[in-house]
Amino acid sequence: MPLLWSIISLADNLYTNYQNLVKIHLYKFIKKSLHKNKSRYNWCCGKRFQINQGVEYIMKFDVKKVQEPILKASVWVQGNSILQAIKNAFIMTIPFTIVGSFSNVIKMQLDQLIKNQHIHSEILTNISNLFGYLNAATLGIIGIIVVLCSSYSYARELKKKYKEVNIFLAVILALAAYFVMVPNNVNFADPKAKVIQGFSTNFFDYQGMFTALVVGMIAVWVYARFGKTKFKIKMPDSVPQNIFDSFASLVPITGALMIFGIIRIIIQSLGYTSIIEIITVVLVKPLLSVGTGLPAIIVVILMEQILWFLGLHGFNIVWGVVSAFWLPIYLQNCAQYARTQSFAGIGIAPNTMTNVYAMIGGSGATFGLLIAMLIFTHKGEKEREVAKLGFIPGCFGINEPIIFGLPIVLNPIMFLPWIFVPLINAVIGYVVTKIGWVVPLVVLNSGSEPIFFSTWLTGAFHTSPVVLTLVLVILDTFLYAPFVILNQRSERAAIAKQNEQENDEDKSVFKNETEEEPSDGPETA
(Lines of atoms letter the chains of each structure in order from A and count residues from 1; the text may use other names and numbers.)
(Lines give C-alpha, C1' and ligand atoms only; values in the text may rest on other atoms or scores of the structure.)
Protein backbone atom coordinates (compact mmCIF):
# COMPACT_ATOMS: atom_id res chain seq x y z
CA MET A 1 0.00 0.00 0.00
CA PRO A 2 2.69 2.58 0.87
CA LEU A 3 4.66 1.57 -2.23
CA LEU A 4 1.55 1.93 -4.39
CA TRP A 5 0.91 5.32 -2.84
CA SER A 6 4.42 6.47 -3.70
CA ILE A 7 4.04 5.26 -7.29
CA ILE A 8 0.70 7.04 -7.62
CA SER A 9 2.10 10.29 -6.26
CA LEU A 10 5.10 10.07 -8.60
CA ALA A 11 2.87 9.37 -11.59
CA ASP A 12 0.64 12.31 -10.71
CA ASN A 13 3.67 14.58 -10.57
CA LEU A 14 4.94 13.27 -13.90
CA TYR A 15 1.56 13.92 -15.47
CA THR A 16 1.59 17.52 -14.33
CA ASN A 17 5.04 18.29 -15.69
CA TYR A 18 6.11 15.76 -18.30
CA GLN A 19 2.98 14.00 -19.59
CA ASN A 20 3.84 13.93 -23.28
CA LEU A 21 7.50 13.12 -22.63
CA VAL A 22 6.60 10.12 -20.49
CA LYS A 23 4.22 8.72 -23.10
CA ILE A 24 6.74 9.12 -25.94
CA HIS A 25 9.51 7.36 -23.99
CA LEU A 26 7.12 4.65 -22.85
CA TYR A 27 6.07 3.80 -26.42
CA LYS A 28 9.66 3.97 -27.72
CA PHE A 29 10.80 1.61 -24.98
CA ILE A 30 8.01 -0.88 -25.73
CA LYS A 31 8.67 -0.73 -29.49
CA LYS A 32 12.43 -1.13 -29.14
CA SER A 33 12.31 -3.95 -26.59
CA LEU A 34 9.70 -5.98 -28.48
CA HIS A 35 10.69 -5.26 -32.10
CA LYS A 36 12.77 -8.41 -32.39
CA ASN A 37 9.81 -10.59 -31.52
CA LYS A 38 7.19 -9.85 -34.18
CA SER A 39 4.30 -11.58 -32.45
CA ARG A 40 4.87 -9.74 -29.20
CA TYR A 41 5.37 -6.48 -31.12
CA ASN A 42 2.07 -6.91 -32.96
CA TRP A 43 0.35 -7.80 -29.71
CA CYS A 44 1.78 -4.67 -28.07
CA CYS A 45 0.70 -2.45 -30.98
CA GLY A 46 -2.77 -3.93 -30.78
CA LYS A 47 -2.87 -3.14 -27.09
CA ARG A 48 -1.50 0.41 -27.49
CA PHE A 49 -4.90 1.92 -26.82
CA GLN A 50 -5.23 -0.04 -23.56
CA ILE A 51 -1.70 0.95 -22.52
CA ASN A 52 -2.49 4.58 -23.23
CA GLN A 53 -5.63 4.32 -21.13
CA GLY A 54 -3.71 2.69 -18.29
CA VAL A 55 -1.04 5.39 -18.27
CA GLU A 56 -3.65 8.14 -18.28
CA TYR A 57 -5.61 6.42 -15.50
CA ILE A 58 -2.55 6.19 -13.28
CA MET A 59 -1.57 9.78 -13.94
CA LYS A 60 -5.09 11.09 -13.32
CA PHE A 61 -5.57 9.04 -10.16
CA ASP A 62 -6.66 11.22 -7.26
CA VAL A 63 -4.52 10.56 -4.20
CA LYS A 64 -7.37 11.87 -2.04
CA LYS A 65 -9.25 8.66 -2.83
CA VAL A 66 -6.63 6.82 -0.82
CA GLN A 67 -6.41 9.43 1.90
CA GLU A 68 -10.14 9.85 2.58
CA PRO A 69 -10.93 6.38 4.02
CA ILE A 70 -7.85 6.51 6.23
CA LEU A 71 -8.75 9.99 7.47
CA LYS A 72 -12.33 8.86 8.10
CA ALA A 73 -11.01 6.02 10.22
CA SER A 74 -8.85 8.51 12.08
CA VAL A 75 -11.86 10.77 12.75
CA TRP A 76 -13.77 7.77 14.07
CA VAL A 77 -10.89 6.95 16.40
CA GLN A 78 -10.78 10.56 17.61
CA GLY A 79 -14.45 10.31 18.60
CA ASN A 80 -14.23 6.88 20.24
CA SER A 81 -13.82 7.20 24.01
CA ILE A 82 -12.28 3.73 24.42
CA LEU A 83 -9.61 4.23 21.76
CA GLN A 84 -8.92 7.75 22.97
CA ALA A 85 -8.47 6.43 26.50
CA ILE A 86 -6.02 3.79 25.26
CA LYS A 87 -4.12 6.36 23.22
CA ASN A 88 -3.89 8.80 26.15
CA ALA A 89 -2.87 5.97 28.47
CA PHE A 90 0.11 5.03 26.31
CA ILE A 91 1.05 8.69 25.96
CA MET A 92 1.19 8.89 29.76
CA THR A 93 3.65 5.99 29.82
CA ILE A 94 6.15 7.88 27.62
CA PRO A 95 8.35 9.24 30.48
CA PHE A 96 8.70 5.77 31.98
CA THR A 97 9.44 4.03 28.66
CA ILE A 98 12.03 6.66 27.73
CA VAL A 99 13.81 6.42 31.09
CA GLY A 100 13.70 2.63 30.90
CA SER A 101 14.91 2.54 27.30
CA PHE A 102 17.89 4.82 27.91
CA SER A 103 18.74 2.94 31.11
CA ASN A 104 18.59 -0.37 29.26
CA VAL A 105 20.89 0.89 26.48
CA ILE A 106 23.46 2.25 28.93
CA LYS A 107 23.38 -0.88 31.10
CA MET A 108 23.81 -3.23 28.12
CA GLN A 109 26.77 -1.26 26.78
CA LEU A 110 28.44 -1.12 30.20
CA ASP A 111 27.89 -4.84 30.74
CA GLN A 112 29.41 -5.63 27.33
CA LEU A 113 32.37 -3.36 28.06
CA ILE A 114 33.00 -4.99 31.43
CA LYS A 115 32.66 -8.50 29.97
CA ASN A 116 34.64 -8.07 26.74
CA GLN A 117 37.46 -5.97 28.18
CA HIS A 118 37.62 -8.00 31.42
CA ILE A 119 37.35 -4.81 33.44
CA HIS A 120 37.13 -5.24 37.20
CA SER A 121 35.91 -1.83 38.30
CA GLU A 122 33.55 -1.42 41.22
CA ILE A 123 32.56 2.05 39.97
CA LEU A 124 31.51 0.77 36.53
CA THR A 125 29.67 -2.14 38.13
CA ASN A 126 27.75 0.20 40.44
CA ILE A 127 26.88 2.51 37.54
CA SER A 128 25.63 -0.48 35.56
CA ASN A 129 23.59 -1.61 38.56
CA LEU A 130 22.16 1.90 38.94
CA PHE A 131 20.77 1.91 35.42
CA GLY A 132 19.57 -1.65 35.97
CA TYR A 133 17.53 -0.43 38.93
CA LEU A 134 16.05 2.37 36.82
CA ASN A 135 15.14 -0.10 34.08
CA ALA A 136 13.53 -2.48 36.58
CA ALA A 137 11.51 0.38 38.11
CA THR A 138 10.16 1.52 34.72
CA LEU A 139 10.08 -1.12 31.98
CA GLY A 140 10.23 -3.83 34.63
CA ILE A 141 6.80 -2.79 35.96
CA ILE A 142 5.34 -1.39 32.75
CA GLY A 143 2.30 -3.65 33.22
CA ILE A 144 1.42 -1.92 36.49
CA ILE A 145 2.07 1.49 34.93
CA VAL A 146 -0.25 0.62 32.03
CA VAL A 147 -3.08 -0.51 34.31
CA LEU A 148 -2.83 2.75 36.27
CA CYS A 149 -2.66 4.94 33.16
CA SER A 150 -5.39 3.11 31.24
CA SER A 151 -7.81 3.12 34.17
CA TYR A 152 -7.16 6.79 34.91
CA SER A 153 -7.57 7.79 31.26
CA TYR A 154 -10.78 5.79 30.79
CA ALA A 155 -12.22 7.01 34.10
CA ARG A 156 -11.76 10.59 32.91
CA GLU A 157 -13.59 9.75 29.68
CA LEU A 158 -16.45 8.03 31.53
CA LYS A 159 -16.81 10.86 34.03
CA LYS A 160 -18.11 13.02 31.17
CA LYS A 161 -21.05 10.61 30.93
CA TYR A 162 -21.29 9.25 34.48
CA LYS A 163 -20.86 12.09 36.96
CA GLU A 164 -20.82 9.64 39.89
CA VAL A 165 -17.44 8.16 38.85
CA ASN A 166 -14.69 8.79 41.40
CA ILE A 167 -11.50 8.72 39.34
CA PHE A 168 -9.17 7.93 42.24
CA LEU A 169 -11.27 5.00 43.49
CA ALA A 170 -11.63 3.73 39.91
CA VAL A 171 -7.84 3.62 39.50
CA ILE A 172 -7.36 1.79 42.82
CA LEU A 173 -10.08 -0.69 41.81
CA ALA A 174 -8.35 -1.36 38.48
CA LEU A 175 -5.05 -2.07 40.23
CA ALA A 176 -6.78 -4.45 42.65
CA ALA A 177 -8.55 -6.21 39.77
CA TYR A 178 -5.22 -6.60 37.98
CA PHE A 179 -3.73 -8.38 41.00
CA VAL A 180 -6.80 -10.62 41.10
CA MET A 181 -5.95 -11.77 37.55
CA VAL A 182 -2.20 -12.26 38.15
CA PRO A 183 -1.20 -15.76 39.37
CA ASN A 184 0.28 -15.61 42.86
CA ASN A 185 1.42 -19.22 43.32
CA VAL A 186 5.11 -19.72 42.53
CA ASN A 187 6.16 -23.36 42.05
CA PHE A 188 9.73 -24.61 42.15
CA ALA A 189 11.02 -27.21 39.71
CA ASP A 190 11.67 -29.55 42.62
CA PRO A 191 8.39 -31.42 43.30
CA LYS A 192 9.34 -31.70 46.99
CA ALA A 193 9.63 -27.94 47.33
CA LYS A 194 6.73 -26.09 48.82
CA VAL A 195 4.51 -23.77 46.84
CA ILE A 196 5.02 -20.23 48.04
CA GLN A 197 2.76 -17.21 47.76
CA GLY A 198 4.05 -14.46 45.53
CA PHE A 199 3.51 -12.69 42.23
CA SER A 200 5.65 -13.64 39.25
CA THR A 201 7.44 -10.49 38.07
CA ASN A 202 7.10 -11.41 34.40
CA PHE A 203 3.43 -10.40 34.66
CA PHE A 204 4.50 -6.88 35.58
CA ASP A 205 6.67 -6.26 32.50
CA TYR A 206 5.67 -6.43 28.83
CA GLN A 207 4.10 -9.83 29.22
CA GLY A 208 1.47 -8.33 31.49
CA MET A 209 0.71 -5.27 29.36
CA PHE A 210 -2.26 -6.75 27.53
CA THR A 211 -3.81 -8.06 30.73
CA ALA A 212 -3.17 -4.70 32.38
CA LEU A 213 -4.77 -2.73 29.55
CA VAL A 214 -7.88 -4.90 29.29
CA VAL A 215 -8.38 -5.36 33.04
CA GLY A 216 -7.82 -1.68 33.79
CA MET A 217 -10.44 -0.48 31.33
CA ILE A 218 -13.02 -3.19 32.00
CA ALA A 219 -12.74 -2.63 35.75
CA VAL A 220 -13.45 1.08 35.33
CA TRP A 221 -16.36 0.39 32.97
CA VAL A 222 -17.93 -2.10 35.40
CA TYR A 223 -17.42 0.38 38.24
CA ALA A 224 -19.18 3.13 36.27
CA ARG A 225 -22.07 0.86 35.22
CA PHE A 226 -22.62 -0.43 38.75
CA GLY A 227 -22.74 3.16 39.96
CA LYS A 228 -25.80 3.78 37.76
CA THR A 229 -27.76 0.79 39.07
CA LYS A 230 -30.07 0.66 42.07
CA PHE A 231 -27.64 -1.63 43.89
CA LYS A 232 -25.83 0.99 45.93
CA ILE A 233 -25.75 2.23 49.48
CA LYS A 234 -27.64 5.47 49.93
CA MET A 235 -26.45 8.03 52.46
CA PRO A 236 -28.09 11.21 53.74
CA ASP A 237 -26.93 14.55 52.36
CA SER A 238 -25.42 15.50 55.70
CA VAL A 239 -22.67 12.86 55.34
CA PRO A 240 -19.25 14.30 54.31
CA GLN A 241 -18.38 13.83 50.64
CA ASN A 242 -15.37 11.52 51.19
CA ILE A 243 -17.42 9.14 53.35
CA PHE A 244 -20.30 9.31 50.88
CA ASP A 245 -18.00 8.36 47.97
CA SER A 246 -16.48 5.45 49.90
CA PHE A 247 -19.82 3.85 50.79
CA ALA A 248 -21.35 4.62 47.38
CA SER A 249 -18.42 2.78 45.73
CA LEU A 250 -18.66 -0.29 47.98
CA VAL A 251 -21.10 -2.24 45.78
CA PRO A 252 -19.43 -1.34 42.42
CA ILE A 253 -15.97 -2.26 43.72
CA THR A 254 -17.20 -5.55 45.19
CA GLY A 255 -19.07 -6.45 42.00
CA ALA A 256 -16.10 -5.68 39.75
CA LEU A 257 -13.63 -7.69 41.84
CA MET A 258 -16.06 -10.63 41.97
CA ILE A 259 -16.34 -10.62 38.17
CA PHE A 260 -12.56 -10.75 37.69
CA GLY A 261 -12.23 -13.44 40.34
CA ILE A 262 -14.76 -15.60 38.48
CA ILE A 263 -12.92 -15.02 35.18
CA ARG A 264 -9.67 -16.20 36.76
CA ILE A 265 -11.36 -19.34 38.12
CA ILE A 266 -12.74 -20.10 34.63
CA ILE A 267 -9.26 -19.68 33.10
CA GLN A 268 -7.74 -22.02 35.69
CA SER A 269 -10.53 -24.57 35.22
CA LEU A 270 -9.59 -24.70 31.52
CA GLY A 271 -6.06 -25.72 32.51
CA TYR A 272 -4.34 -22.36 32.02
CA THR A 273 -2.63 -20.15 34.55
CA SER A 274 -3.27 -16.81 32.87
CA ILE A 275 -4.45 -14.99 29.75
CA ILE A 276 -0.82 -14.80 28.61
CA GLU A 277 -0.54 -18.58 28.62
CA ILE A 278 -3.72 -18.86 26.54
CA ILE A 279 -2.28 -16.51 23.91
CA THR A 280 1.01 -18.44 23.84
CA VAL A 281 -0.69 -21.81 23.42
CA VAL A 282 -2.92 -20.50 20.64
CA LEU A 283 0.18 -19.33 18.75
CA VAL A 284 2.17 -22.56 19.11
CA LYS A 285 0.33 -24.76 16.58
CA PRO A 286 0.30 -22.37 13.60
CA LEU A 287 3.94 -21.47 14.14
CA LEU A 288 5.03 -25.10 14.35
CA SER A 289 3.09 -25.96 11.19
CA VAL A 290 4.72 -23.38 8.88
CA GLY A 291 8.34 -24.52 9.40
CA THR A 292 11.43 -22.36 8.88
CA GLY A 293 11.20 -21.00 5.31
CA LEU A 294 9.90 -17.71 3.94
CA PRO A 295 6.23 -18.55 4.73
CA ALA A 296 7.22 -19.11 8.36
CA ILE A 297 9.09 -15.80 8.43
CA ILE A 298 6.03 -13.98 7.05
CA VAL A 299 3.66 -15.62 9.55
CA VAL A 300 5.93 -14.83 12.50
CA ILE A 301 6.33 -11.18 11.49
CA LEU A 302 2.58 -10.81 10.95
CA MET A 303 1.86 -12.19 14.40
CA GLU A 304 4.50 -10.02 16.06
CA GLN A 305 3.27 -6.85 14.39
CA ILE A 306 -0.42 -7.49 15.05
CA LEU A 307 0.27 -8.26 18.71
CA TRP A 308 2.34 -5.07 19.04
CA PHE A 309 -0.46 -3.07 17.39
CA LEU A 310 -2.84 -4.40 20.04
CA GLY A 311 -0.46 -3.36 22.82
CA LEU A 312 1.23 -6.71 23.50
CA HIS A 313 4.97 -7.30 23.32
CA GLY A 314 4.81 -9.32 20.10
CA PHE A 315 8.49 -10.24 20.01
CA ASN A 316 8.55 -11.69 23.53
CA ILE A 317 5.40 -13.72 22.96
CA VAL A 318 6.23 -15.10 19.51
CA TRP A 319 10.00 -15.51 19.96
CA GLY A 320 9.37 -17.54 23.08
CA VAL A 321 7.56 -20.03 20.85
CA VAL A 322 9.79 -20.13 17.75
CA SER A 323 13.19 -19.83 19.44
CA ALA A 324 13.14 -23.52 20.36
CA PHE A 325 13.42 -24.59 16.70
CA TRP A 326 14.84 -21.45 15.05
CA LEU A 327 17.79 -20.70 17.31
CA PRO A 328 19.47 -24.11 16.74
CA ILE A 329 19.51 -23.39 12.98
CA TYR A 330 21.29 -20.10 13.56
CA LEU A 331 23.77 -21.68 15.99
CA GLN A 332 24.48 -24.42 13.45
CA ASN A 333 25.26 -21.79 10.79
CA CYS A 334 27.53 -19.96 13.23
CA ALA A 335 29.39 -23.17 14.05
CA GLN A 336 29.79 -24.10 10.38
CA TYR A 337 31.24 -20.69 9.51
CA ALA A 338 33.57 -20.77 12.51
CA ARG A 339 34.81 -24.19 11.34
CA THR A 340 35.16 -23.44 7.60
CA GLN A 341 35.55 -19.64 7.51
CA SER A 342 33.42 -19.77 4.35
CA PHE A 343 29.82 -18.85 3.50
CA ALA A 344 29.53 -21.75 1.05
CA GLY A 345 26.76 -24.18 1.92
CA ILE A 346 25.36 -22.02 4.73
CA GLY A 347 21.60 -21.58 4.57
CA ILE A 348 19.39 -18.78 5.82
CA ALA A 349 18.51 -18.81 9.50
CA PRO A 350 14.93 -17.47 9.69
CA ASN A 351 15.55 -15.45 12.85
CA THR A 352 18.15 -13.35 10.98
CA MET A 353 15.32 -12.11 8.76
CA THR A 354 12.76 -11.54 11.52
CA ASN A 355 15.13 -10.17 14.17
CA VAL A 356 17.59 -8.20 12.02
CA TYR A 357 16.34 -6.96 8.64
CA ALA A 358 12.67 -6.79 9.64
CA MET A 359 13.50 -5.03 12.92
CA ILE A 360 15.88 -2.24 11.92
CA GLY A 361 15.48 0.12 14.84
CA GLY A 362 13.09 -2.26 16.61
CA SER A 363 9.84 -4.03 15.76
CA GLY A 364 8.20 -2.52 12.70
CA ALA A 365 11.56 -1.35 11.29
CA THR A 366 10.94 1.99 12.96
CA PHE A 367 14.36 3.51 12.25
CA GLY A 368 13.00 4.57 8.87
CA LEU A 369 9.92 5.90 10.66
CA LEU A 370 12.15 7.98 12.94
CA ILE A 371 13.89 9.55 9.95
CA ALA A 372 10.56 10.20 8.23
CA MET A 373 9.23 11.89 11.38
CA LEU A 374 12.30 14.11 11.62
CA ILE A 375 11.98 15.10 7.94
CA PHE A 376 8.24 15.58 7.54
CA THR A 377 7.15 17.01 10.90
CA HIS A 378 7.38 20.63 11.96
CA LYS A 379 9.49 22.04 14.74
CA GLY A 380 7.69 22.04 18.09
CA GLU A 381 5.17 19.34 17.18
CA LYS A 382 4.76 16.37 19.49
CA GLU A 383 5.78 13.81 16.87
CA ARG A 384 9.06 15.60 16.16
CA GLU A 385 9.93 15.72 19.86
CA VAL A 386 9.09 12.02 20.21
CA ALA A 387 11.38 11.27 17.24
CA LYS A 388 14.23 13.22 18.85
CA LEU A 389 13.82 11.37 22.13
CA GLY A 390 13.53 7.99 20.43
CA PHE A 391 16.42 8.38 17.99
CA ILE A 392 19.28 7.20 20.23
CA PRO A 393 17.38 4.19 21.65
CA GLY A 394 16.24 3.46 18.09
CA CYS A 395 19.86 3.15 16.97
CA PHE A 396 20.13 0.24 19.42
CA GLY A 397 16.84 -1.37 18.40
CA ILE A 398 14.76 -0.01 21.29
CA ASN A 399 11.62 1.69 20.01
CA GLU A 400 9.17 1.83 22.92
CA PRO A 401 9.19 5.67 22.87
CA ILE A 402 7.92 5.53 19.27
CA ILE A 403 5.41 2.71 19.77
CA PHE A 404 3.76 4.39 22.74
CA GLY A 405 4.68 8.01 22.03
CA LEU A 406 3.46 8.44 18.46
CA PRO A 407 1.52 6.20 19.25
CA ILE A 408 1.47 3.19 16.94
CA VAL A 409 -0.71 1.09 19.25
CA LEU A 410 -4.30 1.10 17.90
CA ASN A 411 -3.47 3.93 15.50
CA PRO A 412 -5.35 3.06 12.26
CA ILE A 413 -3.24 5.43 10.16
CA MET A 414 -0.03 3.58 11.06
CA PHE A 415 -1.50 0.07 10.78
CA LEU A 416 -0.60 -0.58 7.12
CA PRO A 417 3.07 0.48 7.25
CA TRP A 418 3.49 -1.12 10.66
CA ILE A 419 2.44 -4.48 9.19
CA PHE A 420 3.92 -4.33 5.69
CA VAL A 421 7.24 -2.47 6.07
CA PRO A 422 8.91 -5.26 8.12
CA LEU A 423 7.40 -7.85 5.76
CA ILE A 424 8.90 -6.07 2.74
CA ASN A 425 12.27 -5.86 4.52
CA ALA A 426 12.25 -9.56 5.35
CA VAL A 427 11.26 -10.63 1.83
CA ILE A 428 13.95 -8.44 0.25
CA GLY A 429 16.55 -9.66 2.74
CA TYR A 430 15.59 -13.29 2.12
CA VAL A 431 15.68 -12.98 -1.68
CA VAL A 432 19.02 -11.14 -1.95
CA THR A 433 20.59 -13.56 0.54
CA LYS A 434 19.17 -16.55 -1.32
CA ILE A 435 20.57 -15.44 -4.69
CA GLY A 436 23.96 -14.62 -3.14
CA TRP A 437 24.05 -10.84 -3.35
CA VAL A 438 24.32 -10.62 0.44
CA VAL A 439 26.14 -13.06 2.70
CA PRO A 440 24.14 -14.86 5.41
CA LEU A 441 24.49 -13.69 9.00
CA VAL A 442 26.71 -16.15 10.84
CA VAL A 443 27.99 -14.48 14.03
CA LEU A 444 26.03 -14.62 17.27
CA ASN A 445 25.85 -11.21 18.92
CA SER A 446 24.22 -9.73 22.00
CA GLY A 447 21.62 -7.77 20.02
CA SER A 448 22.49 -4.52 21.82
CA GLU A 449 24.84 -3.09 19.18
CA PRO A 450 23.92 -0.11 16.93
CA ILE A 451 22.06 -1.16 13.80
CA PHE A 452 24.77 -0.84 11.12
CA PHE A 453 27.52 -2.14 13.38
CA SER A 454 25.26 -5.05 14.31
CA THR A 455 24.82 -6.24 10.71
CA TRP A 456 28.53 -5.72 10.04
CA LEU A 457 29.34 -7.87 13.07
CA THR A 458 26.77 -10.63 12.46
CA GLY A 459 27.83 -10.76 8.79
CA ALA A 460 31.38 -11.68 9.86
CA PHE A 461 32.65 -8.15 9.05
CA HIS A 462 31.33 -8.36 5.50
CA THR A 463 30.02 -5.10 4.01
CA SER A 464 27.08 -6.53 2.04
CA PRO A 465 24.72 -6.82 5.06
CA VAL A 466 25.56 -3.22 5.98
CA VAL A 467 24.75 -2.04 2.44
CA LEU A 468 21.48 -3.98 2.52
CA THR A 469 20.60 -2.42 5.87
CA LEU A 470 21.26 1.07 4.49
CA VAL A 471 19.09 0.38 1.42
CA LEU A 472 16.28 -0.94 3.62
CA VAL A 473 16.45 2.10 5.92
CA ILE A 474 16.10 4.42 2.90
CA LEU A 475 13.22 2.33 1.55
CA ASP A 476 11.51 2.26 4.96
CA THR A 477 11.76 6.04 5.21
CA PHE A 478 9.95 6.46 1.88
CA LEU A 479 7.33 3.85 2.81
CA TYR A 480 6.57 5.45 6.16
CA ALA A 481 6.62 9.05 4.85
CA PRO A 482 3.04 9.26 3.44
CA PHE A 483 1.60 7.88 6.66
CA VAL A 484 3.63 10.26 8.80
CA ILE A 485 2.18 13.14 6.77
CA LEU A 486 -1.35 11.72 7.12
CA ASN A 487 -0.89 11.24 10.84
CA GLN A 488 0.27 14.84 11.16
CA ARG A 489 -2.79 16.11 9.30
CA SER A 490 -5.02 14.08 11.58
CA GLU A 491 -3.28 15.37 14.71
CA ARG A 492 -3.51 18.98 13.54
CA ALA A 493 -7.20 18.56 12.73
CA ALA A 494 -7.83 17.05 16.17
CA ILE A 495 -5.96 19.88 17.89
CA ALA A 496 -7.87 22.49 15.88
CA LYS A 497 -11.17 20.83 16.76
CA GLN A 498 -10.24 20.68 20.44
CA ASN A 499 -9.25 24.36 20.44
CA GLU A 500 -12.52 25.24 18.74
CA GLN A 501 -14.50 23.34 21.37
CA GLU A 502 -12.59 25.04 24.18
CA ASN A 503 -13.26 28.45 22.62
CA ASP A 504 -16.96 27.63 22.32
CA GLU A 505 -17.04 26.55 25.98
CA ASP A 506 -15.28 29.75 27.05
CA LYS A 507 -17.77 31.84 25.07
CA SER A 508 -20.67 29.91 26.60
CA VAL A 509 -19.35 30.44 30.14
CA PHE A 510 -18.76 34.14 29.46
CA LYS A 511 -22.29 34.49 28.07
CA ASN A 512 -23.82 32.79 31.11
CA GLU A 513 -21.84 34.95 33.49
CA THR A 514 -22.95 38.07 31.62
CA GLU A 515 -26.59 37.05 31.78
CA GLU A 516 -26.35 36.39 35.53
CA GLU A 517 -25.01 39.88 36.31
CA PRO A 518 -27.70 42.18 37.85
CA SER A 519 -28.86 45.08 35.72
CA ASP A 520 -27.94 48.63 36.75
CA GLY A 521 -31.54 49.79 37.41
CA PRO A 522 -32.68 52.57 39.80
CA GLU A 523 -32.48 51.67 43.45
CA THR A 524 -35.74 51.56 45.43
CA ALA A 525 -36.08 52.90 48.93
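Yeah, the Cβs are placed from backbone N, Cα and C, and that goes for glycine too.
Just so you know, TrEMBL annotations are computer predictions that nobody has curated.
Listed in TrEMBL for this protein:
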- 514-525: compositional bias 'Acidic residues' (COMPBIAS)
- 66-483: domain 'PTS EIIC type-3' (DOMAIN)
- 496-525: region 'Disordered' (REGION)
- 130-155: transmembrane segment (TRANSMEM)
- 167-186: transmembrane segment (TRANSMEM)
- 206-226: transmembrane segment (TRANSMEM)
- 247-267: transmembrane segment (TRANSMEM)
- 279-302: transmembrane segment (TRANSMEM)
- 309-331: transmembrane segment (TRANSMEM)
- 356-377: transmembrane segment (TRANSMEM)
- 389-409: transmembrane segment (TRANSMEM)
- 415-432: transmembrane segment (TRANSMEM)
- 439-461: transmembrane segment (TRANSMEM)
- 467-486: transmembrane segment (TRANSMEM)
Subject >> For the domain 'PTS EIIC type-3' (66-483), the mean pLDDT of the predicted model >> reply: 81
Original post:
Of the listed stretches (206-226, 389-409, 415-432), which one yields the highest count of Cβ-Cβ distances below 8 Å with the transmembrane segment (467-486)?
Top reply: 415-432
Original post:
Taking a Cβ cut-off under 8 Å, which residues six or more beyond the ends of the transmembrane segment (130-155) line up next to it in the same chain?
Top reply: 81-82, 84-86, 88-90, 92-93, 96-97, 99-101, 103-104, 106-107, 110, 165, 167, 170-171, 173-175, 178, 201, 203-209, 211-213, 215-217, 219-221, 224, 311, 400
Subject >> Distal contacts, the transmembrane segment (389-409) - CB-CB under 8 A, six or more residues away >> reply: 86-87, 90-91, 93-94, 97-98, 100-102, 104-105, 108, 139, 308-311, 359, 361-364, 366-367, 369-370, 373-374, 383, 418, 447-451, 454, 487
Subject >> Spatial neighbours of the transmembrane segment (356-377) far in sequence, C-beta under 8 Å, 6+ residues away >> reply: 297, 301, 304-305, 308, 314-315, 383-384, 386-388, 390-391, 394-395, 397-400, 402-403, 406, 408, 417-418, 421-423, 425-426, 428-429, 441, 451, 454-455, 458, 468-469, 472-481, 484-485, 488
Original post:
By a Cβ-Cβ criterion of under 8 Å, what residues six or more beyond either terminus of the transmembrane segment (415-432) are in contact with it?
Top reply: 1-3, 294, 297-298, 301-302, 305-306, 308-309, 348, 352-354, 356-360, 363-365, 368-369, 408, 438, 468, 472, 475-476, 479-480, 483
**OP:** Sort out the residues at least 6 away from either end of the transmembrane segment (247-267), same chain, that have Cβ-Cβ distances under 8 Å to it, and list them.
**Re:** 164, 166, 169, 173, 176-177, 180-181, 215, 219, 222-227, 231-233, 235, 239, 273-275, 278
